[in-house]
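A.B. asks: Below are the features listed in TrEMBL for this protein:
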type	residues	note
TRANSMEM	25-48	transmembrane segment
DOMAIN	41-287	domain 'G-protein coupled receptors family 1 profile'
TRANSMEM	140-158	transmembrane segment
TRANSMEM	196-216	transmembrane segment
TRANSMEM	237-257	transmembrane segment
TRANSMEM	269-289	transmembrane segment
Amino acid sequence: MALGNHSTITKFLLLGLSANPHVQALLFALFLGIYLLTIMGNLMLLLVIRADSRLHTPMYFLLSHLSFVDLCFSSVIVPKMLENLLSQRKTISVEGCLAQVFFVFVTARTEACLLSGMAYDHYAAICRPLLYGQIMGKQLYKHLVWGSWGLGFLDALINVLPAVNMVFCEAKIIHHYSCEMPSLLPLSCSDISRNLIALLCSTLLHGLGTFLLVFLSYTRIISTILSISSTSGRSEAFTCSAHLTAVILYYGSALLRHLMPNSGSPIELIFSVQYTILTPMLNPLIYSLKNKEVKGERSLQDSSDLPQLHKGQARWNRLAFTEGRREPGAPESSVPVTPQPRGACACSALHAAPTALQ
């Protein structure tokens, strides 16, 4: 059946978070503030990364796309939510609902891929510092970004195209503030077995695949950090906690939301708000507070004391993270430079290296 021939149901009713008008007014003010902070925070992060040449590195290239995805993710959901909080009707057309489902899939799955790519970048920076420039070459990090977007769109098409043929007969109430596939499937009176299979397979392959990459990367990262005897080396390496915080917030809330039965319960709505509305707002705060480069507190003199990568080769300056030191211009055999302990090159140091994104 074509999209325009959906039985007698042409609109859905989004019940939202509360039916109390006074609560709705408070929620409108709250989520409007959150949305404005999300827009400003992510735009500021994009502008800072664009303007500061020290941030033209693979990690910040990935981070800039994460900020753009967060802008899109929030804009797919929050404006319609704000409209319904002020409206008496609180409806959305079937076509509009499917369109929202499509873009939720695109942005959510792209964000998952970007987070896994950033985890791999941190692994290369901490566990393979001397090979970082070769591992995270220009082609690889660009392939990671465009591959993330491609998989996001592919995942959306796999799930939404079969949903176009669903028939909606009588049930039209969605116990949620937005359209998501788990909320939409129970409303169909047609056979949804193919839709369930598509949703299950794509979620397992995409969700578990990206989570596995994050898990393996941080297993190696934590193992490397624990092997560092230097306290300062450990503290530098733990600057990657910003990304780990973002991963836990996103994957934790999204996983709990989709594992729970679709009932519109308060706890289910809380988890949905966390990963669809709060996480896009918190990501720029997390990364700007945890990264000295973004805060602009790092001077050029400070950056000269950290290992810098240029054209795929590690070049050590006058201070090293190990006990072996070599002054610039000194013969290599005078004092050997030992590349251990592994992981002492913190990801923040390597990501701040002046490797231009050409």
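Just so you know, glycine gets a Cβ as well, placed from its N, Cα and C.
Mind running through what each feature is packed against?
C.D. replies: Regional average pLDDT for the domain 'G-protein coupled receptors family 1 profile' (41-287) in the model is 86.
Taking Cβ pairs closer than 8 Å, the transmembrane segment (140-158) reaches residues 58, 61-62, 65, 102-103, 105-110, 113-114, 117, 120-121, 198, 202, 206 in its own chain, all 6 or more past its ends.
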A.B. asks: Which sequence positions outside the transmembrane segment (269-289), separated from its termini by at least 6 residues, show Cβ-Cβ distances below 8 Å to it?
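C.D. replies: Sequence-distant neighbours of the transmembrane segment (269-289): 17, 31, 34-35, 37-38, 41-42, 44-45, 63, 66-67, 70-71, 73-74, 77-78, 104, 108, 176-178, 180, 242-243, 245-246, 249-250, 253-254, 256-257, 260, 295.
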